[in-house]
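A quick write-up on the structure given underneath.
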């Protein structure tokens, strides 16, 4: 190389969706800086939704114009089939979550004001709101997009932080039960930072082992480098800690219930759908691309983690009394089911089917969970959402439609046929059995039988027990209504005619991850 | 001489012999479905169908006589009942036709009698419906050409008997007796059913013709097993030991029922079954056949003993029924030599026992349903016809010379003597006891002082009730002689059940015959001393151990209770407990267990950031450790 | 000779990790996390040296920036909760549990 | 290509939507009745076109549903499925008529009750008509939901406990079956879930055993076979009479049907291997169920336990591997549906009048309500397999068939005949006989509607008691076909022992 510096080549076209989102986020910040307070939200709402929609359109357009076969941006980002599919999913879910965010009454008037202080009173009376929510959400979504697409560990680390930091803040912005909200923020932040430190150290060690943070290079070096297994094993394990933390796999699940319970429900929805999808994308990329050659050594470990996760999620959920907390545990359990798919690894074609199964499951679960949280926001007491399960008693009589829809989501979680959840589970189990992981599947079905209990319990409450005199009221703002409808539609369609989405997932997974 | 072959035939009246069953069935259906609307003419319709069926029976009989004796076994195919298992058809032969005539004949008379007897009962129509139902089922039992059909009729009569015993449902005693009768019969049916299974498995057919024609030659053991199983069925239906206990309770039913079902016809079904299957499963001297004779003799003695101690007129008669059927069983057990006598006695018994039961009914009718003979006495003056007819029945049953019972019972004793002296003498002894208890019954009822209740105003029954009595008593006088003399009946029956090579000759002054007469006379005399001359106490004296033994039905019920009921109830309670606590407890326990685990496990989620961090830290350590372990495998 | 640096970085990382577990004050806990990140940095630089390429050193800069961003967010959150509770002890925040 | 079966499934579904939409309750009821009668007519018309000795499956339809999993919407019936579909089609209108006022008790949506009823009917027809194993599973599971809501929303005091127990129990079994279904698919590796493609595709006996268990446990819970039975008494006792009829009369038959159709045909070797076990469980169930029934104090629970005893007979018939037993068992499924249906409904009428399920609260009803008592007796007698009533034929066939192959079991099972007499007649005596209890003195006899409910049932019971031929002609070939493979295996193993 003769002294001349080559400018890095960036395929802006490929990265367009991400760039759009980030761009919109930055504009949002500028709006916060310069636009007058009364204008802000009316600028933010369209801006956010449009940017997400636009990004989605671009994603589709890209998928149609041929899936690239080699990484972009000097190998930093891999915009491949799975990535595009995940992008699409995340963007839609984010769009839907933003619809939830749009509806009033979720976010604190003034985060800095001490709860119950005169200051807060004033903020409330002024009707002040934190419009920063929108740019923050956009940054988080941007991070979510980059996370599963990142093709080297550094990019992945950055993405991880870009995704998480805004979420830390958003968690603390609940309008009601602010103490809980702040607590959630603190916990999420400390633990998140803690785990990302592990991720980073793992990166460092793998860098030491392979001499590069590029996933493909690491994967290539697995066989080549000798005598450094210590670095490899510790590094891989710590990397795993960081990723498993994000998807809330046992024993790193502890944060999830607290954070989901404390956060503003729309944000919970965003985390439960978007973050999970993104994290799984990243997990798969790391373990299949970088550590694929090590599969013989991590599959057993993943078995353990998967079993532990499913069981913990299912068992702990049974005795929950807070609806959001219960859904959090249920999401842990679902994380476990998804992990079954991660270990259903084998030959090329087997991997493809496993991957497509996972992608389908993620879509199905994402929609259902957003829908469920959307319903949660609508059932309200004097003190905000009616969080305690007992308050839901007899909802089926007072508001049949809402109750029915929620029951439907619960049945989808439980994996009853003719709901999306069923085909999701089915696909993953099928892949696992093909890969010879039948025992894992048995554990899976047993724990989903256990899990069924607490879904059913809620249905019993809503339909079979009589409503309390001062039962909660049900308020359905427009956005939420749309979200509920959309989620229901998705759950039905994926449950009855899953084929189109399956095909989509299949084509996306066909070529696996680019290296 | 072996039974003749069965040949299909469906011409003439025989072709429509299904009418025999259809007519009473139709009657029953109309009366049951018609409900209150048919109350007015219900009883008449009931009688009509029974009589019509009798007429058909006679016509069939006449047509049958037209055939050459060797061809008097005609199968009338009806329809494919259970494809692959059995067709349904009728078998018209001397045996079945004799039963048909008995059932429809005596049946019709009892129907007529019931018009008067049940006159004041609001549910008379239902009563006649049930009677018709019974007649239909009984006819199916004796006419079916296969064991399944027989079984259908078998349980059908069981149902009818259940309904009729419990006809006065509001009386708990009646309801209980009905249930008991059905259940005890079911125990017998259990044997019969398994017997039929074995037959089907052994011969791959359940029709009489099929079994006879079958090439299969099952082992002797199998045949014996079948025989014993059928015998168990017979014991249930015919109230033979050890399944006798239900018959005495069955007297809770209206008296015509006791006469028709529990004296004349249904209870003799066992004898029919044994005779019908005799050639195949009870060959002379086989284990099964011996078992039959033993059961028979045991029952005839037991029944007689019970009869001696009962003060309830119907129960006394029931005891005697048991005993008489015991005779028939005994005869049937000794093979072709005995079949004719068994059936002949069955027929004559049908007449005189029905006669006496109806007589007893007439008495009860007069004494406002009082059944305790100690409260009767001296009734012969107030109800002469009843007395006269009853007297005929009485003489017939004790075997007074030249009356029916004399010929048939004597025939049985003679032929049994030929077969085995021991059994023979026991039979003779039985006859003696019969002489005693029947005389006791007559003396207590019709002779001696009036011991009536204050409000009793006995009177003779109306003609509709007395005429049947008269007809029956006529039968009780002459039928025996007609059937036995010149072996008329044996020859007639031969095609159906076979007969011994040389026909027995009737000699009136045989040792056994004279001994019987002597014993009977002694018994009667003893009864006269105790109950005729002497004053009969209105309240029964405590009596010796033997008396109590007899009064308590030889502790049959006590035994059942100790052996089956108590343990049964105990077992039931145990099972229920086990089901709730054991199996269901396990299920709910599992659920509770999971719940409890959850309750305890969630405590791990302490809410302290640092403990969460710890879990992550430890988790990481474990992950690293695990990776090393796996990596270095 | 790079092993020493690695050992040092490992020590720093563990110290940081243990610090997170044992210290109550949210600020201090957070500083421990920062310490862990810096341990990573040291490791990166060391490995960069060992592997003879600059990637590691560049990464170190990235990490610093990210760390800085984290500080901003972290302090904001901690300060808010301090204002409401008048305490920065992480053990006081445990309404959410079980 | 016919559309018979898809029509039979489609009509009730659309009907359900319609009923749910109708505002007026009476209209909704009438609509439900109309729809169910229409289904009945269609079913009968279809049934008469069925040719007993034609192809195994007739009226077949096949549409690709989820190609990437090889799932088809495949329908078709053989003799076995046909008679069971007939059973459902006959029972539903009767149940509709019977539960005319059922739902009103709880102040709950009447329209929803009837809508659920129709959905359930669609599911029941579907589950029997499915010729695609996966489709069968889907109906098998989906069937639970309407029943779950019928029990839970319209049932008795303990309804939610019963409903949850019912759902979880069945769900658990279903999930085990799901594993087996998946494994079957990937082992067979035919890329299709069609039953006909899967038959004989699993050769290895060891594998067969595992898959067999997966299916069998699900069916055993459904049937229910001892010791998986404890959910039934709760569910049946708490469910409204109508729902109870469909639950015990039809839903549970899916279990025994599944054994006959899937366990025997897909895994003949395993079936042969497990036969002794199943027979033991069946016989225990027969005796145990009867004994526990004797000890019950609650009418509906008692009937439920009698059903457990009867299901013992059915499973024994299925696994006795003889044509008589198999056909008997199939016929038994139908007859049991009618006789137990009648029992539940009439008991329901009685309970509705007096407001108590406890036997001890009754007595002497026969005097005040003779028709009710009479019909109850007939149904009961059919329950104890009295000759001349439908159950006798099937029970007799099962026993005689089992006796051919497994005499000892058959003999023990026959003792159930005696026990049956005890539990039925004792219940009848305690409720209907004896002096009339104060509490029932002024209850009314069956009214017109109720007579119309009972009459057809009684008629069918008696008719089939004397002329089972029409059904048996349809059933026999199908059964012969489905047990043929196991018989084959049996002969082979016998031959091997011979050498």
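Just so it is clear, glycine is given a Cβ too, placed from its N, Cα and C backbone atoms.
Curation does not apply to TrEMBL; its annotations are automatic.
Feature annotation from TrEMBL assigns domain 'NADH:quinone oxidoreductase/Mrp antiporter transmembrane' to A:150-449.
Marked as transmembrane segment by TrEMBL: A:12-35 (among others).
According to TrEMBL, the feature transmembrane segment maps to A:47-64 (among others).
A Cβ distance under 8 Å defines the sequence-distant neighbours of the transmembrane segment (A:84-101), meaning residues of its chain 6+ beyond its ends; these are 17-18, 48-49, 52-53, 55-56, 59-60, 62-63, 67, 107, 133-134, 137, 141, 144-145, 148-149, 265-267, 269-270, 273-274, 277-278, 281, 359, 362-363, 366-367, 370, 373-374, 377, 479-480, 482-483, 486-487, 504-505, 508-509. The transmembrane segment annotation in TrEMBL covers A:84-101 (among others).
Beyond the ends of the transmembrane segment (A:156-174), by six or more residues, the same chain brings 106-108, 111, 130, 133, 136-137, 139-140, 142-144, 146-147, 149-150, 180-182, 184-186, 188-189, 192, 196, 199-200, 203, 242, 246, 259, 262-264, 267, 270-271, 275, 278, 282, 286 to within a C-beta distance below 8 angstroms of the stretch. Summarising the annotation, TrEMBL assigns transmembrane segment to A:156-174 (among others).
Per TrEMBL, the feature transmembrane segment maps to A:186-210 (among others).
Under the heading transmembrane segment, TrEMBL lists A:230-255 (among others). For the transmembrane segment (A:230-255), the list of distant contacts is 153, 160, 187-188, 191-192, 195-196, 198-206, 208-209, 222, 275-276, 278-280, 282-283, 286-287, 291, 294, 297-298, 301, 305-306, 308-309, 311-313, 331-332, 335-336, 338-339: same-chain residues at least six beyond its ends, Cβ to Cβ under 8 Å.
What TrEMBL lists as transmembrane segment is A:267-288 (among others). With a cut-off of 8 Å between Cβ atoms, the residues of this chain six or more beyond the transmembrane segment (A:267-288) that come close are 78, 82-83, 86, 89-90, 93-94, 96-97, 100-101, 137, 140-141, 143-145, 147-151, 153, 156, 159-160, 163, 167, 170-171, 173, 215, 239-240, 243-244, 246-248, 259-260, 295, 298, 302, 324, 327-328, 331, 335, 338, 342, 345, 351, 355, 358, 362, 365-367, 369-370, 373-374, 512-513.
The transmembrane segment annotation in TrEMBL covers A:300-319 (among others).
Residues or ranges marked as transmembrane segment in TrEMBL: A:358-379 (among others).
TrEMBL lists A:400-420 (among others) with the feature transmembrane segment.
Per TrEMBL, transmembrane segment is recorded for A:440-464 (among others).
According to TrEMBL, the feature transmembrane segment maps to A:476-497 (among others).
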Counting only residues 6+ away from its ends, which parts of the chain sit with a Cβ under 8 Å from the transmembrane segment (A:186-210)?
-> 153-154, 157, 160-161, 164, 167-168, 171-172, 217-218, 221, 225, 228, 231-232, 234-243, 245-246, 252, 254-255, 258-259, 262-263, 290
Spatial neighbours of the transmembrane segment (A:476-497) far in sequence, C-beta under 8 Å, 6+ residues away = 96, 99-100, 102-104, 360, 363-364, 367-368, 370-372, 374-375, 377-378, 402, 405, 408-409, 412, 417-424
